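> Below: one structure in structure tokens.
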């Protein structure tokens, strides 16, 4: 038995009754009648006929138009320039909708403000200040578009992905998109024909205007609709674990069928950073499966990571970061280059710890012609100072930590939560070896904001641990 809050206090409620009320019974079960005095729970839309219908029917039923428009715009590789500002379909959508989305957030459409929201706003404020210090009011245009790109995708998801049904419809939409991108990536990788660009060239200019056709293993690295193969691969890898654990129409998890297109789409990027994200997610999933009977399995896992770091630091003549990079790249020359970038980049950080260097070129030897920094986290510190890095990194850490601590007793919800934490923990590690920007960064930020419904599901499903010790014990076992 569980306890549920009613107007006259906490009352016992069976698991099935609670599941029907919250829409968390098997996905093919009939929907329950809403409790008296309450409107129909939108999360229960997952049980209706639309759930068993076509993918298009599912999207019309559950995903708001603004979400569909934004995600579609992200996948269109068109670009134009107005007054020196490069505009893509995704940027146009964000500029047009940022004020309505901010209004919805401020008026409570996303629920109460959470710590990760506050950290994201602090990050946006700090990068604005850092850029003003760097370039004065001449940087207003850059500051404005960067703040919009930082806030909009996350807040859009916070405001409009509010139920499990909407989250699963989002994953279904992206599954269809990934299947299409996988086919295009395979063609591009084998023939160097960028079919999406050829299609949209009929409408206008496409990006990248000067693509790199680097070959690895006899194949060309695919861009598809993204600016670079690396960010294409990372964007695809985000969906590996979430699609694996996404429920299907018969209540089972998606499994290998849903993840095969993700693996293949990521493969054709031929990027070790993207492959690394897949490997980490797979490793976390296997760890959880093998040691599921051990309550403290994740504490043990974290201690093993710490011990491994210390052992490598003591026994190797290289730093643990250098060892990690050497195994996370396809060749040693790339590993050496990334280690050198990290060392020189940290020199920049320590020399400019408060506001960073903005968009200024960073000092390096004359034979290092490229100013590229293949480390997302390092670049945050270089551009916006240590506080800029901390606000960004803490936003990710707090979001994932709070999700990991939700005491889900429902197995399906627990697995979906775990999948999300696996995916973004892996992406966070992968970002130590790559930098993401443009449409891939929009997609990642949107997905980061799409998990807030899990907090609401936990808040609605059971009373707090203080009022219901049994629920707290069940939650601890579920973790």
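Placement of Cβ uses the backbone N, Cα and C atoms for every residue, glycine included.
Pasting the feature list from TrEMBL:
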type     : residues : note
REGION   : 1-49     : region 'Disordered'
COMPBIAS : 20-49    : compositional bias 'Low complexity'
TRANSMEM : 63-82    : transmembrane segment
TRANSMEM : 88-106   : transmembrane segment
TRANSMEM : 118-137  : transmembrane segment
TRANSMEM : 143-161  : transmembrane segment
TRANSMEM : 168-187  : transmembrane segment
TRANSMEM : 225-245  : transmembrane segment
TRANSMEM : 257-278  : transmembrane segment
TRANSMEM : 298-315  : transmembrane segment
TRANSMEM : 335-357  : transmembrane segment
TRANSMEM : 377-399  : transmembrane segment
TRANSMEM : 420-444  : transmembrane segment
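Tell me about the setting of these features in this model.
Sequence-distant contacts of the transmembrane segment (88-106), counting only residues of its own chain at least 6 positions beyond either end whose CB sits under 8 Å from a CB of the stretch, comprise 66, 69-70, 72-74, 76-79, 145, 148-149, 151-153, 155-156, 158-159, 207, 438-439, 442.
Same-chain residues lying 6 or more positions outside the transmembrane segment (118-137) and placing a CB less than 8 Å from one of its CB atoms are 143, 146-147, 150-151, 154, 355-360, 383-385, 387-388, 391-392, 394-395, 398.
Cβ atoms under 8 Å from those of the transmembrane segment (168-187) belong to residues 46, 55, 58-59, 61-63, 67-68, 71, 75, 161, 193-196, 222, 224-225, 232, 236, 239, 242-243, 246-247, 258, 261-262, 264-265, 268-269, 450 of the same chain, restricted to positions at least 6 beyond its ends.
For the transmembrane segment (335-357), the residues of the chain that approach it from at least six positions outside its boundaries are 129-130, 133-134, 321-322, 325-326, 328-329, 363-364, 368, 372-375, 378-379, 381-388, 433, judged by C-beta separation under 8 angstroms.
Beyond its flanks by at least six residues, the transmembrane segment (420-444) meets 71, 74-75, 88, 90, 94, 149, 152-153, 225-227, 230-232, 234-235, 237-242, 271-274, 276-278, 280-281, 284-285, 321, 324-325, 328-329, 338, 372-379, 396, 399-400, 403-404, 451, 454 of its own chain at Cβ-Cβ distances under 8 Å.
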> Six or more residues beyond either end and a Cβ under 8 Å away: which residues meet both conditions relative to the transmembrane segment (143-161)?
63-64, 66-67, 70, 85, 91, 94-95, 97-98, 101-102, 104-105, 109-110, 117, 120-121, 123-124, 127-128, 131-132, 167, 170, 441-443, 445-450, 452-453
> Honestly, do the transmembrane segment (257-278) and the transmembrane segment (225-245) touch, with at least three Cβ pairs under 8 Å and pairs 6 or more apart in sequence?
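Answer yes, regions in contact.
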> Please report, as numbers and ranges, the same-chain residues at least 6 past the borders of the transmembrane segment (63-82) whose CB is under 8 Å from any CB of it.
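Beyond its ends, the transmembrane segment (63-82) has Cβ neighbours at 88-90, 92-94, 97, 101, 153, 156-157, 160-161, 166, 169-170, 173-174, 177, 181, 196-197, 200, 203-207, 225-226, 439, 442-443, 446.
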> Mind checking which residues of the chain, 6+ beyond the ends of the transmembrane segment (225-245), have their Cβ under 8 Å from one of its Cβ atoms?
75-77, 171, 174-175, 178, 181, 184-185, 196, 207-208, 212, 214, 253-256, 258-259, 262-263, 265-266, 268-271, 273-275, 277-278, 281-282, 284-285, 415-416, 418-420, 422-424, 426-427, 430-431, 434-441, 443-444, 447
> Against which stretches of its own chain does the transmembrane segment (298-315) lie, if we need a Cβ under 8 Å and a gap of at least six residues from its ends?
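Residues 287, 291, 323, 404, 479.
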